[in-house]
There are 2 protein chains.
Amino acid sequence: MTSNADVDQALIDDFHTLSRFGATAGGGVDRQAGTAADGEQRRWLTNWLTGRGFTVEFDRVGNQFGMLELVPGAPYVIVGSHLDSQPFGGKYDGAYGVLAAAHAVGRLAEKWRSAGHAPLYNLAVVNWFNEEGCRFEPSMMGSSVYTGKLDLDAALNTRDLAGTTVRDALESIDCLGSGVGPTAAFYAEIHIEQGRVLEDTQTTIGLVEATWAARKYHLVVHGEQSHTGSTVMADRKDAILGASYLAVAAREIADRFTDPALHSSVGQMVIEPNSPVVVAREVRMHLDLRSSDEGVLAEANEMLLKRIPEIERLANVRIEQATAHGWGLLAYHPDGVKIAQTASEGLGLSHRPMMTIAGHDSTNMKDIVPTVMLFVPSVEGISHNEGEFTEDSDISAGVDLLTEVVSRLAHGDVSEGLPDGLSTPHITVD
Amino acid sequence: MTSNADVDQALIDDFHTLSRFGATAGGGVDRQAGTAADGEQRRWLTNWLTGRGFTVEFDRVGNQFGMLELVPGAPYVIVGSHLDSQPFGGKYDGAYGVLAAAHAVGRLAEKWRSAGHAPLYNLAVVNWFNEEGCRFEPSMMGSSVYTGKLDLDAALNTRDLAGTTVRDALESIDCLGSGVGPTAAFYAEIHIEQGRVLEDTQTTIGLVEATWAARKYHLVVHGEQSHTGSTVMADRKDAILGASYLAVAAREIADRFTDPALHSSVGQMVIEPNSPVVVAREVRMHLDLRSSDEGVLAEANEMLLKRIPEIERLANVRIEQATAHGWGLLAYHPDGVKIAQTASEGLGLSHRPMMTIAGHDSTNMKDIVPTVMLFVPSVEGISHNEGEFTEDSDISAGVDLLTEVVSRLAHGDVSEGLPDGLSTPHITVD
């Protein structure tokens with residue numbers, strides 16, 4: 001699985017330094033978007049970039065850009081990912097992609113500077129704001145605003161569960177700017193796989209061809225507050241019971257599909273009042289369905305919508321579908337996949353085409369510019385967990401490849417603009 | 001249902017005044033134990049009592065006593081309930097019992113003072129600390145410490161979900177004393193029914209003969225944090241799914257019993273990390289089973305314990321039974337029921353023997369002294385809800401009866417001490 005490339009020790013050392021921000025006792029990190037730990041790592045990145053000649057700028061939604069203007073006035077190849085993490089998340093998710101981008105662009109700049117060479121496009125490193133979406137919803141917030149998919153004010157006015165707005169959180173870490181960032185011609189991102197495919201197939205590089213189709217439901221279960229002891233069972237309108245039936249239904253629906261698989265989940269329930277002795281009056285929850293097969297997803301969606309009225313009756317509750325959105329199978333630009341494949345071969349790195357199940361900032365960027373998305377292996381596929389781990393040799397090989405891909409993009413190996421039909425915006429489901 | 005007794009307007013006015021502390025927009029109250037609103041209503045009660053010649057004292061766990069020493073050195077007839085509420089709770093639960101006690105004792109004191117009469121026992125009004133148990137567990141905390149069932153330090157060191165201890169909360173509202181309160185010879189409490197029996201049978205007074213048997217389980221579902229999208233279903237150890245299966249099982253078990261009924265509930269789930277995009281690693285939850293029939297309860301307990309390993313397998317989680325406790329059918333002193341019945345008849349109030357399903361501070365007190373527990377009707381049985389309502393005429397009739405019961409207790413109509421077998425302490429279930 002691991003490559004034979006030499007490990008870049010400066011890269012690994014920087015990764016260890018970065019991993020100390022928000023480090024948890026369990027070996028992971030907790031640096032949710034807009035927290036003090038997020039601010040500290042952003043200042044560290046600013047120092048790293050300015051020390052190497054980059055101009056650093058925060059845009060109006062807190063995206064952090066490190067720009068190298070090599071061709072005055074030309075648009076940019078933007079390369080990056082996100083430094084924010086889940087609570088008790090892993091060190092690699094997002095952070096690896098930002099550091100890889102900084103090293104890749106840094107290497108190219110140094111090489112071209114000493115050779116007196118100029119590419120066709122400028123280069124920028126990006127640390128997108130709030131990719132994780134755990135503190136502030138939705139996820140991929142920074143890249144959604146950058147790509148025009150999310151309204152700026154809606155983003156800035158979003159509140160966490162404690163009532164703090166994105167605007168206040170960004171101001172508190174001094175990361176709220178006023179600009180819109182550099183103009184992109186291309187985008188590239190590298191990320192750990194968050195699955196077992198590369199490990200199981202002993203492959204170093206995943207060339208991402210498409211994102212799984214998904215439907216995401218924000219459901220509100222409306223019950224009625226009453227006494228857990230004295231209320232007769234027939235009178236209860238138990239929102240926890242309704243939410244529990246929904247969580248079980250999501251799993252039962254996933255169990256109906258094997259190949260192609262359906263992934264389902266309920267990761268959050270916000271319960272009111274959540275007292276041991278009160279039947280809950282309300283549960284707000286997220287339910288996701290995902291598949292590599294749009295037909296499977298449509299069928300699963302039907303099953304879920306059929307279960308909702310049954311559950312309303314069983315638990316004597318009302319289930320409100322507050323919001324729902326989704327997307328079909330979303331392709332990355334085939335020319336981007338092609339240059340990444342050629343580059344992998346040039347470097348002697350084993351590779352395979354893949355899909356991504358998780359969303360990434362590249363999921364947004366690929367809808368506006370040709371985008372390359374690369375994976376390196378995750379040991380045991382562990383993700384959103386302190387135990388996340390990727391071998392140093394894979395870390396290093398990924399940066400070698402990213403450097404080569406960025407160089408090709410900067411030299412116009414892929415044409416600007418998207419072919420017809422490639423830009424599939426997210427859809428709202430009624 | 002409502003009595004023909006004259007309504008005591010001073011009582012109703014005081015009730016409206018009391019209901020303003022922590023008043024919610026929805027017509028209820030939110031004055032959880034040890035909060036600012038709890039402190040304010042306690043100061044109001046202190047003023048009310050001292051203005052009528054009571055000596056007010058907070059004991060070492062924040063129980064508030066208003067004492068009238070009429071017979072130097074004699075033990076007390078203690079009368080009261082609790083002023084703390086659920087979040088978005090009703091105005092009547094507990095608060096009515098404390099105010100009724102203050103008025104009943106106040107009436108007797110005034111009558112005896114003007115007649116130059118002395119009873120055999122002293123009188124005290126009590127506002128027990130933290131009956132509700134929503135902010136700090138367990139419920140009935142103040143009366144549990146008073147009756148020696150709960151260790152003082154364990155109570156004072158208990159933390160709410162924000163990490164504040166009971167000690168700090170009580171100090172913040174200046175309600176932490178050092179004494180142990182007056183010595184009880186008898187206890188009396190009046191409360192709204194929190195059910196529909198009195199309303200459905202057009203009865204004004206419930207004479208509580210026993211508490212339903214109960215088993216309470218504190219369960220911890222251990223899963224493993226992972227990515228809600230990319231983790232393959234077979235690899236997931238989803239704590240929310242395990243908790244949901246348990247909540248559904250609790251309802252299914254209750255549905256197996258009709259007469260005698262089983263009540264079951266899950267009112268709280270504390271979920272970690274509770275992020276929309278992370279499979280939960282842990283859920284801490286409460287599950288209760290209650291019945292008027294000990295055989296039904298034992299059978300339901302068996303069913304639940306059988307379901308736990310099945311659910312562990314289904315959700316690929318480990319379920320830890322952190323604590324479990326329970327009690328059998330607990331009788332109130334029959335002589336107390338008898339004097340309350342005679343007093344009801346003397347006042348022309350319709351009455352019936354009943355059981356209480358909910359726990360009350362009297363559930364603790366009846367294990368150490370002869371105790372009388374009275375109910376007045378709850379419209380539609382609404383409880384732990386802002387919509388809780390009891391008619392003014394019932395409020396007033398209840399105080400008339402409580403006054404008469406306290407007078408009889410203070411004159412020795414019931415003998416001191418408990419008959420053999422009446423004191424059934426709570427049991428720990430393995």
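Just so it is clear, glycine is given a Cβ too, placed from its N, Cα and C backbone atoms.
Residues B:Glu132, B:His384 are given by TrEMBL as Zn(2+) 2 binders; from B:Asp93, B:Asp168, B:Asp174, B:Asp420, that same site also lists B:Asp93. For the Zn(2+) 1 site, TrEMBL gives B:Asp93, B:His191; the one candidate out of B:His82, B:His103 that the record lists there too is B:His82.
In this structure, B:His82 (Zn(2+) 1 binding site) belongs to neither helix nor strand by DSSP; it is coil. When the binding-site residues B:His82, B:His191, B:His384 are compared by the number of other CB atoms within 10 angstroms of each CB, B:His191 has the fewest. Listed in sequence order, the residues of the same chain lying 6 or more apart from B:Asp93 (Zn(2+) 1 binding site) and placing their CB within less than 8 Å of its CB are B:Ser85, B:Gln86, B:His191, B:Ile192, B:Gln194, B:Ser383, B:His384, B:Glu388.
The Zn(2+) 1 site is defined by B:His82, B:Asp93, B:His191, and by the 8 Å test on Cβ atoms against their centroid, the other residues of the chain that qualify are B:Ser81, B:Tyr92, B:Gly94, B:Ala95, B:Tyr96, B:Gly97, B:Glu131, B:Ile192, B:His360. With an 8 Å limit on C-beta distances, the binding-site residues from B:His82, B:Glu132, B:His191, B:His384 that reach chain A are B:Glu132, B:His384. Between the CA atoms of B:Glu132 (Zn(2+) 2 binding site) and B:His82 (Zn(2+) 1 binding site) there is a gap of 8 Å, rounded to the nearest whole number. The number of other Cβ atoms within 10 Å of the Cβ belonging to B:Glu132 (Zn(2+) 2 binding site), over all protein chains shown, comes to 25.
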